Each structure stands twice: as C-alpha cells, then as structure tokens.
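All remarks here apply to the structure that follows.
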Amino acid sequence: STMRKRKATDSPRLSTDLSEGKEKLRLKQELGLISGVSLIAGTMIGSGIFMSPEWVLHHMGSPASSLLIWAACGVLAMFGALSYAELGTIIKESGGEYIYILRIFGSFPAFLFAYTSVILVRPAGLAAVCLSFAEYAVAPFYPGCSSPQVVVKCTAAACILLLTIINCLNVRLATSVMNIFTAAKLLALLVIVVGGLVLLAKGQTQSFQNAFQNTTAGIGAVGVAFYQGLWSYDGWNNLNYVTEELKKPEVTLPRAVMIAIPLVTCLYLLVNVSYLAAMTPSELLSSGAVAVTWGDKVLGSWAWLISLSVALSTFGSSNGTFFSGGRVCYIAAREGHMPDILSMAHVRCLTPSPALLFTSAISLIMIISGSFTSIVNFFSFIAWLFYGMTISGLLYLKIKKPELPRSYKVPIIIPIIVLMAAVYLVLAPIIDQPQIEILYIVLFIFSGIILYFPLVRFKCHPRFLQRVTLHLQLFLEVAPTTRD
C-alpha cells in the first residue's frame with residue numbers, strides 16, 4: 001500500500017530495508033563539516049552586508065559605534081548558535097525551533113511556530129532575497145535608470161524555480177551549489193577587505209578620526225540598528241534545521257558553528273572598515289548601495305565585479321534559505337502539523353520534494369502579489385519571539401533535565417544573555433515605536449488556533465483529502481519516510 005504506516009528507526013539515512021518485507025525511506029546524511037560551514041556562512045552572507053551598513057550607521061550616528069553594533073550582532077549570533085548547538089546534541093532531529101518547541105513545550109506552540117514559519121516567514125524571506133538577487137542581476141541591462149518591476153519579478157520567479165529544480169533533484173547537487181557560491185561570495189568579500197587595507201595603508205583614515213562623534217544614545221535607535229545588523233547575520237541557526245542530514249551531528253554541529261560565525265563576523269567588520277576607508281560617513285549615508293559605490297571608487301572600470309558578486313551572494317543565500325526552509329515544512333508535516341503529503345520524499349531523488357514545491361509555490365505567490373514587504377520588515381520581531389521561546393526551553397532542560405545525555409554543553413550564562421537580548425528585541429519596537437503591523441503579525445500567529453483544534457487536536461480530516469493525498473503520491477512519485 002502506498003499509504004503505509006511510518007515506522008520509527010534508529011538511523012536517519014535514506015535506504016531500503018527488506019528484512020521486514022517493506023521498504024523504509026529515510027533522509028540521507030550527506031552534510032559534512034565543509035557543507036555545514038557553507039550552509040551557515042552561505043545563508044548568512046546574503047544582500048545584508050552589501051546594503052545594511054548605511055542603515056546601521058544612520059541609526060548609530062558614528063563609525064565607531066556602528067562597528068560596535070556589527071561586533072555585538074556577531075557575538076549575539078554566536079551565543080545563539082552555541083545554545084542551539086547544545087539543543088541539537090540533545091534533540092538530534094531536524095526542524096530547528098519547531099522540533100525543539102515541540103519536544104519541550106508541546107504540540108500547540110509548535111504548531112503556531114510551524115504555521116507562521118511555513119505560511120509566512122520562510123516564503124517571505126525567500127521571496128525577499130530572490131528579489132534582491134533579481135535587482136542586481138538585471139541592473140546592468142538598465143544603466144542609468146531603475147529596472148522595470150515586471151522584469152525584476154520575473155527574474156526572481158525564475159530564480160525560485162531554478163532553486164526548486166536543484167533542491168528537488170539531489171541533496172548533493174544543492175550542497176555543491178551552496179559550497180561553490182559560498183566560496184564565490186567569500187572571495188568577493190576578500191576583494192573588498194584587501195581593497196580597504198590598501199586604502200588604509202595609503203593613509204585614508206579620515207573616517208576614523210573622532211570616530212565616536214555624533215553617537216546616538218537612544219535605546220530605540222540602538223534597537224533598530226541591532227535589527228539592521230542582525231538581518232545580515234540571519235541564518236546562524238540554519239544547520240539545526242537539517243540535523244538528521246548531518247554526518248556525526250554531535251561533532252559536526254558545534255564545530256561548524258565555531259568556524260562559520262566567527263569567520264563571518266570578522267569579514268563583516270573588515271568589510272565595514274573598508275567601506276569607511278573608501279567613503280566618508282556622509283558619502284556612505286547617501287549611497288543607495290554601499291558595495292556598488294565602493295566598487296566605483298576603488299575598482300573603477302572593474303566595478304561591475306561587485307554587482308556580479310552581490311548577485312552571486314544573494315543567489316547562494318537564497319539556496320541556503322530554500323534548503324533549510326523546506327525542511328521545516330517537511331518535519332512539521334511528519335509530526336502531523338501539516339498535510340501528510342508534505343512529509344514524503346521522492347522515491348528516486350531522495351529529497352523532500354513536496355515540501356520544497358509547497359514552499360516554492362507560496363514564495364511565487366508573494367513575489368507576484370508584492371504584498372509581503374511590510375511583513376518582511378518585521379521579520380526580526382517574529383524570529384526573535386520564537387528564538388526567545390527556544391532558548392527558554394534550553395534553560396529549562398539545563399535546570400530541570402541535567403541528566404539528559406549531551407556531547408556539548410554551553411555555559412548557562414550564554415543562553416541567559418541570548419534570552420535577555422530576545423526579550424529586548426521583541427519589546428523594543430512595541431514600546432519605542434508601536435506600529436499596527438505588529439498587531440497584524442500577532443493576530444496572524446494566533447489565527448492558527450482556528451486550524452489547530454479541528455485539524456490537529458481532534459483530527460477532523462475530510463475523506464476527500466485522503467484521495468487527494470493518494471493521487472498526489474502517485475503523481476509526484478513520493479512515499480512516507482521513517483525517522484528517529
């Protein structure tokens with residue numbers, strides 16, 4: 001029967017077991033340390049470092065204070081990732097925040113997270129990054145004027161479709177694309193770093209004289225600057241979404257975090273120093289695209305390399321976002337919080353193709369409608385709301401369940417600091433500048449209650465859904481998967 005019951009197994013590898021007379025489908029462990037580092041760094045380095053520096057400087061008022069914000073964002077991302085690394089060695093399942101909230105707090109809050117993430121946050125984030133890619137990719141064809149929105153949206157849609165094909169075909173192909181584009185964007189950032197060091201050696205240090213002058217001291221401004229900086233660091237937790245696909249996750253997860261995030265933090269700081277070496281603070285603030293302005297000033301006729309680098313960077317980041325985002329949908333369906341068809345894997349390609357196709361479809365709708373912009377602006381609010389809940393779950397396990405086996409332990413002060421930061425980042429925009437969009441987001445999150453009780457709690461499933469699932473299984477050539 002194609003609708004056979006899923007059985008628990010001890011290994012998350014995708015294989016067939018004929019000893020019991022039936023096949024068992026499992027996700028492969030394809031990700032090693034290099035792929036893990038590439039997933040974290042490749043997703044973190046998107047369009048943010050090429051666009052956000054001017055906004056951090058705008059809110060902080062001085063070069064030195066903006067550099068402190070970038071460093072603090074890196075430390076916070078590192079602390080959060082180390083906390084997640086311990087969770088990943090206790091709960092060795094894919095799904096990130098979703099699976100941790102489910103195992104610690106139960107079904108209802110986990111469903112609200114999955115509902116919000118699968119329907120809104122992940123597709124909107126993917127659509128936004130693909131639109132950034134499209135802006136830079138088509139810009140050279142429209143010199144001296146803004147690109148037509150139809151062309152930009154069609155290019156972004158083509159990017160999502162290409163990513164869907166890559167990720168549905170083969171996990172190894174997707175990770176190879178991730179590794180290649182991560183190497184390309186690291187090379188681009190190194191070009192900017194080396195260019196800045198050359199400028200500093202030539203004595204262009206005027207931006208660093210009286211570097212703390214005009215620093216903003218307001219709590220609200222600092223919070224907004226943190227949001228801008230943390231957008232560039234987003235992706236620090238992506239490896240936790242694919243834990244079951246890691247080789248030796250208890251070793252690979254902490255090591256990948258300890259390599260990737262300090263690497264990205266150092267690069268971000270050096271790139272910001274390079275920007276400030278090439279431009280005065282006022283020039284940086286008036287720049288529409290900091291990296292492009294830097295390229296015009298430093299590289300001259302080779303400035304097109306920067307536009308190409310940003311396009312490559314955003315495409316690689318889109319791939320990482322898509323790779324991990326599809327897994328949230330897949331894991332939530334496997335736990336009964338999404339339709340069964342989304343928990344299945346292709347019988348030959350061995351990828352969670354229905355979940356990837358669903359994420360792709362929602363992202364395409366958001367690109368076509370263009371109505372997701374205000375939601376993306378409050379991405380950090382939603383993200384840190386659930387980050388805080390997840391970190392509080394780790395603190396609960398450390399205090400109440402110290403006997404649980406774990407190969408890696410983070411000092412308790414680190415998750416406490418992350419939790420305090422999460423509370424601040426959630427409350428700061430509400431207290432300082434309350435906006436109606438935040439209310440809309442909260443209402444959307446709790447609208448999941450309408451679906452949870454009939455569909456999940458009381459399992460009121462219309463009979464026609466079973467027939468639809470069966471036909472989709474046959475059409476997509478997918479089957480249920482086993483898990484730990």
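Using N, Cα and C of the backbone, Cβ positions are placed for all residues, glycine too.
Feature annotation from TrEMBL assigns transmembrane segment to 31-52 (among others).
What TrEMBL records for 64-85 (among others) is transmembrane segment.
Look at TrEMBL and you will find 97-118 (among others) tagged as transmembrane segment.
Under 8 Å from some Cβ of the transmembrane segment (154-174) lie the Cβ atoms of residues 27-28, 30, 126-127, 130-131, 133-134, 137-138, 245, 315, 318-319, 322-323, 326, 346, 349-351, 353, 356-357, 360, 363-364, 367-368, all in the same chain and six or more residues away from its ends. Feature annotation from TrEMBL assigns transmembrane segment to 154-174 (among others).
What TrEMBL lists as transmembrane segment is 180-201 (among others).
Under 8 Å from some Cβ of the transmembrane segment (256-278) lie the Cβ atoms of residues 33, 36-37, 39-41, 44-45, 49, 53, 63, 66-67, 70-71, 74-75, 77-78, 81-82, 84-85, 186, 189-190, 192-193, 195-197, 199-200, 204-205, 207-208, 232-233, 236, 239, 284, 290-291, 294, 297-298, all in the same chain and six or more residues away from its ends. Here TrEMBL flags 256-278 (among others) as transmembrane segment.
What TrEMBL records for 298-317 (among others) is transmembrane segment. A Cβ distance under 8 Å defines the sequence-distant neighbours of the transmembrane segment (298-317), meaning residues of its chain 6+ beyond its ends; these are 42-47, 50, 129-130, 132-133, 136-137, 139-140, 159, 177-178, 181-182, 184-185, 187-188, 191-192, 195, 199, 235, 278, 289, 291-292.
The annotation transmembrane segment is assigned in TrEMBL to 354-372 (among others).
According to TrEMBL, the transmembrane segment annotation covers 378-397 (among others).
Residues or ranges marked as transmembrane segment by TrEMBL: 409-431 (among others).
According to TrEMBL, the transmembrane segment annotation covers 437-456 (among others).
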Contact check, the transmembrane segment (378-397) vs the transmembrane segment (437-456), 3+ Cβ pairs under 8 Å, seq sep 6+: yes
Within the same chain, where does the transmembrane segment (180-201) have neighbours whose Cβ lies under 8 angstroms from its own Cβ atoms, ignoring anything closer than 6 residues to its ends? I mean 6 or more beyond. 38, 41-42, 45, 49, 267, 270-271, 273-275, 277-278, 291, 294, 298-299, 305-306, 309-310, 312-313, 315-316, 319
Taking 3+ C-beta pairs under 8 angstroms (sequence gap of 6 or more) as contact, is the transmembrane segment (409-431) in contact with the transmembrane segment (31-52)? no
